[in-house]
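For reference, the structure is listed below as structure tokens.
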């Protein structure tokens, strides 16, 4: 009877939302003991993770099962390199046969991603932009993200940058960085004529900038590349991209406006919007890559 | 000069407007200005979506919009019908109300110089959700899923506390696993069909079913894609990312993530079911049955976890798991009636859960930053408006008549009659889950209305006007959905009919 | 002949992936991952996709590894900087 | 149908995917977790690129002025993979930034350890 009364009191307190008031300590202790025996608890991720051996065995088993299933799927898939596979259909034929006159790009891949399926590529440029903005949100110094130790380390690094000789890196950087950047620009500008394009070229330019910054210190970079320029270039590039694509989507879907002249395929000034789009993407990517580097080392651009 | 059909341009305009605002906001330093840009954008999208909805309902049509100069199998396409337009209206309305109500949390919790970055993420998130709703191309869907993932992770960690970083890491790893599986499924699907756009894929898949050639790959592909979507939308066994993330994030972010982001993946799943795999194929491959079972499990287990939980935000997160279970149960019934119920529940849950999260944020604020429910005693007395909002939301989740949650439960029960062999299971689990819902929502409602002994509980009516507007808006919406639900369900039925053609 | 080379490269790829999983040393893991990306770039040349080869060489072997190394430096893992 | 012998590229790519998946599940170290994620992504890209290849055809860049669909390989997978690589590098950068931020507060890279400390701080 006593037990029953107690239980009733507990339920009443629980419904009233005042369980802590009612002999709280005892209640919490018994409760925590109970929870451990509870069968529900045994299936939660934490307890499985606590048992390292079981967890390891399970993950290996799942992966092995996965590989097994996938191998049997691969067994059933169309043959590798066979010209009569389902992927060799009218879509690919049109890209390859009418691609030159419809997009003006000699590089069919560039023509495909920047003209036929440009919406995907626009989203992709946005992914990159969002990633760099989230890294800014995470790593840029502010009052929440600030530690004395890190400041001291950064000052030490600056000191080394200025005073250490490091001749191999410095001379190498001086000679190589312009060459790398030049090659990157070449890849960007020839995106519609040869393999490569905005993204690969931009990455190469970014790598050149990173080499220069690591050889001569970020202070020197900041003379011509600040956070303001970074934002302006990124936003400007994306806005140009957005404007070009909006124009072509709008006119294409509504059958209005005039088409951009395609030029003679093979010339550098050809292929309609593909060249400016490649340049925009290249600028964005180069800034983004250098931005990642700068934020990762100093927490600022 | 041909005649331009401006209404058909609305999906394209909405997506690009959102993305454009996201880009422009990077130039703005001040968070308040960014907030104004964001609200204006969402409002314009809302107006446009309403026009689109009225037009497609009047004409009873689904149209495709060509993105660029090249028609279907070569270029990208958008596609809009009543379902898409209805979801766009809901998303923009909920987004508008949530962000205007939750702006004060953003201005309080996010570091001042980074507030504008938060709004970049919101704009991009909104754009990507619209794109997921409107897309007619599977690769576009994948890319926008990634946009969505990065933006939602950024929203979670915007608070900058260590806990939010841990929550974000957990969320990021699990979401990336989900999108990896989706991508793998996409690749195999491309290799056996040779297309990337929904209608062409559907034809190829029907051909495959007829010739029986790539049957095993097709089964595995469907499995992977739906596991990917289930991970992304936190169906029961994959829900472990939600509680930590929602607890650590700003209430605004939690509300948007739970109310809208999870739903956008489900809408993508529904579109995949009807436009790519087609309902019959899903039925022959028994995928709907699996979804049904996991939905039922999620309904019960989510509630059980929620009862055990002592922190309010975590409790709401587990309750989301249960509600996602409801939606998957509706999808898994495999009938059009079940799908209608699921779609209605998406709307009901979107407006209710965001309301609950906003009120919960306000309670946490006026009980001195304490998260546990018994620290929030009397919180509703200190802020009566939020208290009323929370009560209405909780009652709607339990399924009290006149509120939105009740209608969706009625629809689920009705739908169970039409699906043979599932009726008993649905009705029993529905009843159990309603009781469980009441078991965890009622104590929290009672707790917030009980005055704390020995403490003054002075009501504070000086809430910010935007917060008041948004709470009142949500409450009214809840009643509207609960009383005048007929036109909405008719639109949903119509759109399901159109999709299934 | 080219098929033999491709198979050898693929075996290297799997070996690199296993090595990344098995090594205890993070520095070694990142270096091996760099090698993995370079091998991938060569394989893409064999698959007649020069666009991908350029991009993978620039991204996987270049920028990705730089980002990994910078993170290792920041978490005080690299020898010769600030250990521990 | 028995194509496992000819489909060796795809076979290797699914094995790589499995290894990456295992890394993601088993590794406690965050950096190795994210390397595993990268391996997973590249494995899918290898799969896709292999599906686009056709024996005896050349890269999809106009050569010798030949306009003929049976002379070049399929350009679609290449385009998709290009997009995918961009996505994966963005995700990598984001996750590594997250790792730095976590290390700054918790002083460790071990995910379990981080979860434990954060749960203690939360006061459960």
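Note: Cβ is positioned from N, Cα and C throughout, glycine not excepted.
As written in TrEMBL, here are the features:
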DOMAIN    A:85-141  domain 'MrpA C-terminal/MbhE'
DOMAIN    A:168-289  domain 'Na+/H+ antiporter MnhB subunit-related protein'
TRANSMEM  A:54-74  transmembrane segment
TRANSMEM  A:121-139  transmembrane segment
TRANSMEM  A:175-193  transmembrane segment
TRANSMEM  A:199-217  transmembrane segment
TRANSMEM  A:229-248  transmembrane segment
TRANSMEM  A:268-296  transmembrane segment
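Below 8 angstroms of C-beta separation, residues 115, 118-119, 122, 125-126, 129, 132, 257, 260, 273, 276-277, 280-281, 283-284, 287-288, 290-291, 301 of the same chain, each at least six residues beyond the ends of the transmembrane segment (A:229-248), sit close to that stretch. Regional average pLDDT for the domain 'Na+/H+ antiporter MnhB subunit-related protein' (A:168-289) in the model is 85.
Note on the domain 'MrpA C-terminal/MbhE' (A:85-141): DSSP counts are 44 helix, 1 strand, 12 coil. For the domain 'Na+/H+ antiporter MnhB subunit-related protein' (A:168-289), DSSP puts the residue distribution at 90 helix, 2 strand, 30 coil.
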